[in-house]
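As recorded in TrEMBL, the features of this protein are as follows:
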BINDING   V123, V236, W534, H535, G563, P574, Q575  FAD binding site
DISULFID  C471-C526  disulfide bond
DOMAIN    281-295  domain 'Glucose-methanol-choline oxidoreductase N-terminal'
SIGNAL    1-28  signal peptide
Amino acid sequence: MASDMDTTRALAILAATSFVAMLACVQAAGDESYTFMKDAVQSPQVSYYDYIIVGGGTAGCPLAATLSQRFRVLLLERGGSPYDDKRIGNMTRFADTLSDTSPSSPAQRFVSEDGVINSRPRVLGGGSCINAGFYTRTSDEYVRGLGWDLEATTAAYRWVEDVVAFQPELGPWQSALERGLLEAGIAPQNGFTFDHLGGTKVGGSIFDAEGRRHTAADLLRYARADGIDVLLRARVAKILFNVRAGRRPVAHGVVFHDSEGQMHRAYLSNGRGNEIILSAGAMGSPQLLMLSGVGPADHLRSFGITLVLNQPAVGQGMSDNPMNAIYVPSPSPVEVSLIQVVGITEVGSYIEGASGANWGVRRSGSGGDRPHRNFGMFSPQSGVISEYSLLFSQTGQLATVPPKQRTPEAIARAAEAMSQLDDTAFRGGFILEKILGPLSTGHLELRNRNPDDNPSVTFNYFAHPEDLRRCVAGVSVIERVIRSEAFANFTYPYFSVETLLNMTAGFPVNLRPRHDNDSTSLEQFCKDTVMTIWHYHGGCQVNRVVDGEYRVIGVDALRVIDGSTFNASPGTNPQATVMMLGRYMGVKIQNERLGNEGLGRRNL
């Protein structure tokens, strides 16, 4: 009996590594063929535009589409097109994308100094191409706190939703999670809504009814074709400034390289109000400011970077909403699902879940190749140290071996063993909690002068005691959901919550040390099993690096419009608000310029 129990637990742990990768699922994009999109190698060595937007991601695409209605816009994206990558267009191959560590991968992996594995997007459409697809607005309180116009933000959300947001259809596992949250006291029942409402709700999804992913790149269909050029694989090296004694520096162009290494320059056309806008994300925007000479003086000088403006706040205030999850193996079949239901608690945490069965099995090549599994961020090819522990190994003790001693050969043997397991071993789901805010902050620094390399980032997870309290409270809610009658069909009666905590604590989810008291101390469980849910932000925060209109303080003709400006993550999931912000600020900039030119406001 003990042997059977050990086998069941080992198989459950094995399944868990697969489901974590599901949270970054990439699915089919549309079949857009934009006439204004081309590879940067086809661009002239010198060009001129009214607006130059660096970063074709979740904010950059809607911003560029909006500004193109009136002005000439250049959108520079360091990655490729989501429509050309079959892995992005096929759910069964999403793990291939996550495992790809090549320079052209849509997901660029990094590990924070905290020892937490993370990814940043490198593809047109940004994070909306590689996330779990949940779509929900932020709260009215958040909108008012930033001084945004509530009516205008609502209109901007709807503009986005007309293209990328859908109502999901819940399967049995997600329905049980919804009922379990209500039974756990996360009330009221709010049904399906895009709005941020306390209680339990079904949120939107960027996956349509046929399972196709719709991304921020799809919002470029709003663009005026004659008003925009989108350059792919255009790696911006720095922003160019006019610097004169006694005057504020003025941004007037950018230097970028194409995939063949050729250098190009794009300049702002003559015209009052023309600007360069950084939308390169929470990693890219502060990094590019520093590489361009705007940042902490001593830090920049240590890399030989000519100082344009001493701005110590660049790279500060970096935060990542910590996520912790409990894996729940299921005796009953479960549907493949990503994030669809959320419990917005009163204890400062959000509860969500993802489930799956057999999702990791596919045939490689053509013809009669045998099925095999690819475990995404936990695959041997991924280079992620966390998969080295692979608790399904014959001894079940590989997780106790220090990461540096976990060899590629051990990984290969474990992966082969995994591929031979029966599919029922992969049945179950994760119930996760993530905290609002957070209050803990860190910083970002350059490692070198190469814009293609990841900077160094520290998030200081749980440094603020309130963050830890919120995590413990959130895990306690998960425990109540697991024990609920609503969830009974998806739990084994002989798996206590303590057993599930122990099981989860052994998962190879980060590079942090483990402790023996993870199942008895929820505080320690939170610290030891912390993961990212890719909601990191900060580095160019409002009222520190940019003003309320997102203009970089101390220089002219330069703005930052993306998640790097946030002091806290908006709502339960930020992508809807980041896309909204691109549209919202695009409309606002246009109307302000039209007003200054005496042309009045224009409906867009």
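The backbone N, Cα and C atoms fix where each Cβ goes, glycine too.
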Could you round the CA separation between C471 (disulfide bond) and H535 (FAD binding site) to a whole angstrom and send it over?
16
Chain-internal residues near H535 (FAD binding site), provided their CB is under 8 angstroms and they sit 6+ positions away:
D320, N321, K434, S569, N573, P574
Could you give the Cα-Cα distance between V123 (FAD binding site) and C526 (disulfide bond), in whole Å?
32
Expressed to the nearest Å, what is the distance separating G563 (FAD binding site) and C526 (disulfide bond) at their Cα atoms?
25
For the domain 'Glucose-methanol-choline oxidoreductase N-terminal' (281-295), give the DSSP counts of helix residues, strand residues and coil residues.
11 helix, 2 strand, 2 coil
Enter the number of other CB atoms within 10 angstroms of the CB of P574 (FAD binding site).
25
Across all the protein chains here, work out how many other Cβ atoms are within 10 Å of the Cβ of C471 (disulfide bond).
29
When you measure from the Cβ of V236 (FAD binding site), which residues in the chain that are at least 6 apart have a Cβ under 8 Å away?
V54, L76, R78, V254, V255, F256, A280, L288, P451
Using a 10 Å cut-off on CB atoms, tell me which of the recorded positions V123, C526 is the least crowded.
C526
Distance from C526 (disulfide bond) back to W534 (FAD binding site), taken between C-alpha atoms, in Å:
17
If I take every residue in the domain 'Glucose-methanol-choline oxidoreductase N-terminal' (281-295) and average their pLDDT values, what number comes out?
98
Would you mind reading off the Cα separation of Q575 (FAD binding site) from C526 (disulfide bond), to the nearest angstrom?
25
Q575 (FAD binding site) has how many other Cβ neighbours within 10 Å of its own Cβ?
29
Largest CA-to-CA spread of FAD binders V123, V236, W534, H535, G563, P574, Q575, angstrom:
25
Other CB atoms within 10 A, centred on G563 (FAD binding site):
29
What's the number of neighbouring CB atoms sitting within 10 A of the CB on W534 (FAD binding site)?
22
